[in-house]
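Trainee: My questions will all concern the structure given below.
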Amino acid sequence: MRKFLIKLNYFLIPVVLGWLLLEIFYRAVPNNYTEKNKHIRGSYNDCQTLILGNSHTFYGLNPDDFTAPAFNISNVSQTLFYDKLLFEKHVDSFAVLKNIIIPIEYSSLSHSDFHPELEWRKYFYEDQMDLDTQTISDFDVKKYSLALVPRFSLTIFSLREYLKSGTLVECSTKGWRRQNGVNELYNNPKMAKIIADKHEDGSVDFRKNVQRLKNIIAACNKRGITVVLVTMPVTSNYAANVNQQKLALITKECSQLAKIKNVYYLNLFQDSLFQDTDFYDTDHLNSGGAKKCSQLLDRFIKSINN
Amino acid sequence: MLFNSLDFAIFFPIVFICYWFVFNKNLQLQNLFLLAASYFFYSCWDWRFLFLLLFSTVVNYCFGIAINKRDAIKKRKLLLVIAILINAGILAYFKYFNFFIENLVDVVSIFGTKLNASTFTILLPIGISFYTFQNIAYVTDVYRKHTIPISDFLSFSLFIAFFPQVTSGPIERANHLMPQINHNRIFNYPLAVDGMRMILLGLFEKVVIADNCGAVVTLIYDNFEQQSGSTLFWNAVIYSFQIYGDFSGYTHMALGAAALLGFRLFHNFNYPYLAINIADFWRRWHISFSGWLRDYIYFPLGGSKKGRLIQVRNLAIVFVFSGIWHGANWTFVIYGCIHATLYILYIFYKKWDTSPPTIIGNCIAMAGTFTVLTLARVFFKAESVDKALEYFSIIFSTSLFTKPDLSRLMLLLLFGYLFLEWLQRDKKHLLDISFIKQASARYLIYIAIFLSILYFSGQSQSFVYFKF
């Protein structure tokens, strides 16, 4: 037994040391979650427009292009579940919040709460954005160790990024992430189909997410905040590959919601203002496209506020 | 609690430490602790089904003793039949009730009658097929006087609920596991090292091979109507590796965990994709299950001793039963029928072909067997017979000869893995590398596997065989 335990330790000690180092890495190095959580508090006094949502708004709406102070709290793969939690957590801290922007993408309304591929993010929301998702058991060890949360390949990727650029923070202090140019590798018809297929969950059951939207809207109405629902632009290739019937149902649902007082809907899904060169990849705007989109939304908000 | 989960990574070391350092002085205490750990492990899936496991244990314990007490063959037989009916009844209710009702409604509707029978949402208790078969084997063995009944209830409970194998086998026999439960266990270094190797191998098979193959397979199956025949064919090949990696991975982890506790469980796999014919395949794949089918269905039916026609009938029964065992769906029935047909054809072929095997002949036979079994698995994977037929109609279209839309590197790696298995075919398992004398070389292999498990770990997926 002694021999076995000694030899076992040859493996276990490096593993434990590696785990400790990764834990320190995840705890000590700032990332998008920690930065957004820090900077949103700094914007409590002057922010008039709060931008929620996933990568489409994260890359697509730059608060600096809005006339009035704005903050972008969106993040990659952030679903309406997290949008609602973030909104509820921060809304009462804002002094002059007038508008919130909620993107409704192709998969937003039908998205199930816990996609296995995105499961790891909930630990970061809990630990680094102080959200109580009420989905993590106290007996779940990942609750206490972020190093155990993401797939190891993702951790290696993060480490490489950190060693290359010296930071894991990809967003500005206002929460926007810049993506320059067009990435031909990801912005092409073949990739558009793959991504559209990936976004297709085969569900048209919108009830849960629509209810979340209604809850946000009701809370906004109580506080005199205007809600802007926006479907962000995508490339023509992507648009051609999504289920048109489902898309029509989503548009219909948003239009219904827009009948509620102080709720507006802006559908930019296939807006002719955006060319394929405005996109970094098949469904995300690049910095040029983001400028166009942000200014368009700013004008839209100004028009409704007036 | 999956073997490849953090929960198990915490649970097992605690069990290991308590087992060898706290309860090691007293066998009864050690067994009691193992039983408690096993029940805890099982209840992590769904604590309600623990009562079913307990019920099953009590029933079979009592019947084992009752059968042994009777001398009259008729009474023994009657008790055996009752025990089997109870076991089969539980299994049938949880696994086949809805299937039976749905088909009854369909059959009755053919005659113009509308039957107003409704189905229920019945959760399938994890491991039910495995521990029920183990119980049936036990009472039958007691009836046949192949084993003595277990009078110690604690030992018997552990025999049924032993946590490394309760959820997905191997299906153990009392003659094999009981002596190990009833004897003082002394830490066995070579066995423990082999256990660690098997856990490492199992993790690799599950996390690297099965989960990554599973991600590809799911993506393609979800939209298979839009894929080419060649893509679907190679996707079926990948599925074959997924299911092998999944089940073999689970089994190796189970065997490894048991070995660390001083137990030797049945080896369930013996390089099945190196099989050169269907009979060879069934000697290598899910060995404890095929052994069970042989000993408790095929032989009682007469096996091959009552003439060729009876043997054909027996094989058909065994394989259809094996298909249904996998699930309540006509796809599994067809899957069983395909295996039965292949096996029966093989028997006739074997009689006709008496030429000695050659290396090239064996390679061709290996590739042929693998291909046929891979195609049969389309039924195994499909949700319905219609879907499977649709899948086949695409495979056997002209698009079979186009370039597949799949990672060639992945296929290359999978066949590379198979080649490694071929190199290790005489060893107990792929990672049986004790023949490498240099410790540093062995350690390098372990580290490489460990790092690949960490790095290539895909999206964690449930074990496919848990649903059986």
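Quick reminder: no glycine exception, Cβ is built from N, Cα and C everywhere.
According to TrEMBL, the transmembrane segment annotation covers B:7-27, B:47-66, B:78-97, B:117-138, B:332-349, B:361-380, B:406-423, B:443-466.
Show me how these features fit into the structure around them.
Mentor: Under 8 Å from some Cβ of the transmembrane segment (B:7-27) lie the Cβ atoms of residues 1, 33-34, 37, 40-41, 44, 182-185, 187, 257, 260-261, all in the same chain and six or more residues away from its ends.
Distant neighbours of the transmembrane segment (B:78-97): 52, 55-56, 59-60, 63, 66-67, 70, 119-120, 122-125, 128-129, 132, 135-136, 139-140, 143, 324, 327-328; these residues of the same chain sit at least 6 beyond its ends, with a Cβ under 8 Å from one of its Cβ atoms.
Using a Cβ-Cβ cut-off under 8 Å and counting only residues 6 or more beyond its ends in the same chain, the transmembrane segment (B:361-380) has close neighbours at 236-237, 239-240, 243, 273-278, 280-281, 326, 331-332, 334-335, 338-339, 342, 388, 391-392, 395.
Note on the transmembrane segment (B:406-423): residues 209, 212-213, 216, 220, 231, 234-235, 237-238, 241, 271, 273-274, 430 of its chain, located 6 or more positions outside it, place their CB under 8 angstroms from a CB of the stretch.
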Trainee: State the residues, same chain only, that lie 6 or more residues beyond the ends of the transmembrane segment (B:332-349) and have a CB under 8 A from a CB inside it; answer 'none' if no residue qualifies.
Mentor: 277-279, 282, 308, 311-312, 315-316, 318-326, 372, 376-377, 379-380, 385, 388
